[in-house]
Amino acid sequence: MMHQGCDASVLLSDTATFTGEQGAAPNARSIRGMNVIDNIKAQVEAVCRQTVSCADILAVAARDSVVALGGPSWTVPLGRRDSTTASLSLANSDLPAPSFDVANLTANFAAKGLSVTDMVALSGGHTIGQSQCRFFRSRLYNETNIDAAFATSLKANCPRTTSSGNSSLAPLDTTTPNGFDNAYYSNLMSQKGLLHSDQVLINDGRTAGLVRTYSSASAQFNRDFAAAMVRMGNISPLTGAQGQIRLSCSRVN
């Protein structure tokens with residue numbers, strides 16, 4: 001989820017005048033693939049100079065990545081422009097934390113105009129990707145709503161002590177980590193959610209029904225996920241004379 005809108009601010013490298021968002025706690029040692037976006041941008045610029053924004057490239061790349069992994073497709077609204085700054089403090093304060101409960105998650109998403117359904121559907125994006133031990137260590141050693149065998153399998157690379165293993169990775173979806181599907185929700189029902197903010201979705205009456213629905217109705221999940229991605233991509237877009245079309249996604253013009 002983006003904190004100030006779909007404006008490609010996360011792609012900006014640190015400069016002398018501001019510290020970018022890539023080092024924010026939710027992003028540090030996590031966000032990768034900026035070179036892929038840079039390569040796409042360079043190819044686009046070669047044939048259509050300063051017309052397609054980095055923000056639009058990110059939005060389309062997100063859709064195409066989901067499709068490539070077996071997920072749904074959707075029409076991506078275009079015409080966004082790129083931000084000319086980034087905010088480390090806002091990235092730290094506005095992005096959902098892995099320690100959030102349903103009330104925190106609901107408020108966080110509502111602040112961006114997204115519903116509970118959007119929040120639960122977008123959480124299903126955790127069918128892909130990995131998390132660092134430092135984000136799920138507390139769940140492993142302090143929570144009881146976790147499958148015992150699942151917890152044991154993770155503890156070897158994520159020891160209780162905070163002096164080691166902090167960056168060790170584990171898949172957010174251990175069932176089908178390389179495919180986009182609804183297994184994430186089935187995992188929650190089996191108490192195999194990796195993050196606290198994942199597992200709470202099945203343990204709270206406000207969201208449990210949607211988890212159960214998505215676990216058994218992949219088509220419904222796909223529809224709701226696609227619709228939520230469009231809504232998230234429409235958060236506070238820069239248009240008209242706002243922002244700019246960057247020539248390079250990692251720096252302002």
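Using N, Cα and C of the backbone, Cβ positions are placed for all residues, glycine too.
Over in TrEMBL, the protein carries these features:
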- 4-253: domain 'Plant heme peroxidase family profile' (DOMAIN)
- G5, D7, S9, E21: Ca(2+) 1 binding site (BINDING)
- C54-C249: disulfide bond (DISULFID)
- P96: substrate binding site (BINDING)
- H126: heme b binding site (BINDING)
- T127, D173, T176, D181: Ca(2+) 2 binding site (BINDING)
- C133-C158: disulfide bond (DISULFID)
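Reported as a whole number, the C-alpha separation between H126 (heme b binding site) and S9 (Ca(2+) 1 binding site) equals 22 Å.
If you draw a 10 Å sphere around the CB of S9 (Ca(2+) 1 binding site), it holds 24 other CB atoms from the protein chains shown. Straight-line distance linking the Cα atoms of D173 (Ca(2+) 2 binding site) and C54 (disulfide bond), rounded to a whole number, equals 29 Å. Straight-line distance linking the Cα atoms of T176 (Ca(2+) 2 binding site) and C133 (disulfide bond), rounded to a whole number, equals 19 Å.
All protein chains included, the residue listed as 'heme b binding site' registers 21 other Cβ atoms within 10 Å of its own Cβ. The two recorded residues C249 (disulfide bond) and D7 (Ca(2+) 1 binding site) have their Cα atoms spaced 11 Å from each other. Closest to C158 (disulfide bond) in space, going by CA atoms and restricting to the binding-site residues G5, D7, E21, P96, D181, is P96. Highest local Cβ density among the disulfide-bonded residues C54, C133 belongs to C54, counted as other Cβ atoms within 10 Å over all protein chains shown. Here the binding-site residues are T127, T176, and the one whose Cβ sees the fewest other Cβ atoms within 10 Å is T176. Rounded to a whole value, the Cα-Cα separation of D7 (Ca(2+) 1 binding site) and C133 (disulfide bond) is 29 Å. C133 (disulfide bond) and C54 (disulfide bond) have their C-alpha atoms 31 Å apart, to the nearest angstrom.
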